[in-house]
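Enquirer: Structure in structure tokens, see below.
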Amino acid sequence: MFLACFHGSCISSAMFSTSCVSNALAVKFAAEAGVYISWGRWAASASVPGVVCLLLMPLAIYLLQPPSVKETPDAPEKARAELARAGPMSRDEWVTAAALSITVSLWIFGPALGVDNVAAALCGLVLLLLSGVVSWQDCLDNGQAWDTLVWFAALIAMASALNREGFIPWLAAQVVRAVGGLRLGWPAASLLVVGTYFYSHYLFASISAHVGSMYGAFLAVAVSCGAPPVPAALALAQLSALMGCLTVYGISSAPLYFNCGFVGQAEWYRTGLVLSVFYIAVWLAIGGLWWKAIGLFDEGRI
């Protein structure tokens with residue numbers, strides 16, 4: 001159950017551009033490469049591979065890590081009892097639901113209205129503050145959010161400087177030369193690029209750091225090998241969130257689940273490795289067919 005919950009959070013993080021901090025980094029770097037990824041484009045492109053992964057992942061974990069308890073006939077009754085004990089939604093819960101609905105609506109329709117993602121998120125926060133659901137002190141006490149704000153800016157500045165000074169183009173040229181020597185077509189070359197990018201996450205303890213240092217270079221490599229720019233940008237961006245499944249330190253939520261002690265480290269790594277192959281296969285095969293059907297392969301080909 002814990003593994004299913006953890007992997008479900010990784011999949012859902014890959015399905016929306018606003019569900020993971022590193023996704024915003026990928027969107028920015030894709031834009032610098034000439035590929036614009038709106039909230040709606042990201043969600044639409046990730047919907048089919050994401051739903052397929054969400055549906056099949058529990059079965060895969062069931063086969064890889066069979067549970068000791070396989071039948072819980074009293075679970076529905078316990079769930080109904082807990083819901084009854086919780087009672088109806090409170091005022092604060094209704095306000096939170098409304099703020100979330102407004103924020104998501106602005107993320108979807110914001111580009112047409114001239115509202116960017118940051119302004120949409122601030123609208124939701126202001127609504128929560130004005131209604132008293134959260135206080136400014138609550139915001140000040142959220143140290144993790146302030147850490148994200150500070151380091152997110154530093155990562156963007158670092159990646160921009162690396163690109164401006166020519167390091168990322170140089171690195172991309174070296175990888176292109178190495179891949180080009182193999183004389184592969186762009187599908188095989190792109191698979192090699194995606195695999196190298198994905199499994200290099202064993203060396204990182206932060207998806208944001210990984211995206212900040214490698215996304216731009218590997219996107220440039222994929223496009224230089226002949227891959228369509230939009231699918232290449234989306235594949236690397238969405239798989240960035242999924243690569244957090246590999247280790248107990250690869251994404252911020254992993255230590256929280258692992259430290260509960262229900263899953264051993266060997267089982268965690270083995271399950272992550274097997275499912276990572278499954279995720280890549282689904283995203284590139286089923287996702288690729290879906291992207292072809294909705295016309296993403298024909299956008300921005302260079």
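Numbers here mean position along the shown chain, with the first residue as 1.
Quick reminder: no glycine exception, Cβ is built from N, Cα and C everywhere.
So TrEMBL lists the following for this protein:
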- 42-64: transmembrane segment (TRANSMEM)
- 94-112: transmembrane segment (TRANSMEM)
- 118-136: transmembrane segment (TRANSMEM)
- 148-172: transmembrane segment (TRANSMEM)
- 184-204: transmembrane segment (TRANSMEM)
- 216-235: transmembrane segment (TRANSMEM)
- 241-260: transmembrane segment (TRANSMEM)
- 272-291: transmembrane segment (TRANSMEM)
Enquirer: Between the transmembrane segment (118-136) and the transmembrane segment (94-112), are there at least three Cβ pairs closer than 8 Å, leaving out pairs fewer than 6 positions apart?
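Expert: They are in contact.
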Enquirer: Any chance the transmembrane segment (241-260) and the transmembrane segment (184-204) have 3 or more Cβ pairs under 8 A, given the pairs are 6 or more apart in sequence?
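Expert: Since 3 or more Cβ pairs under 8 Å link them, the transmembrane segment (241-260) and the transmembrane segment (184-204) do come into contact.
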Enquirer: Report, as numbers and ranges, which residues of the same chain sit near the transmembrane segment (272-291): CB under 8 Å and 6 or more residues beyond its ends.
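Expert: Hits for the transmembrane segment (272-291): 7, 11, 45-49, 52-53, 56-57, 60-61, 64, 191, 194-195, 198-199, 230-231, 234-235, 238-239, 242-243, 245-247, 297.
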Enquirer: Taking residues 6+ outside the transmembrane segment (42-64), which of them lie with a CB under 8 Å of any CB in it?
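Expert: Distal contacts: 3-4, 7-8, 11-12, 14-17, 23, 27, 108, 234, 237-238, 270-271, 274-275, 278-279, 282-283, 286-287, 290-291, 294, 296.
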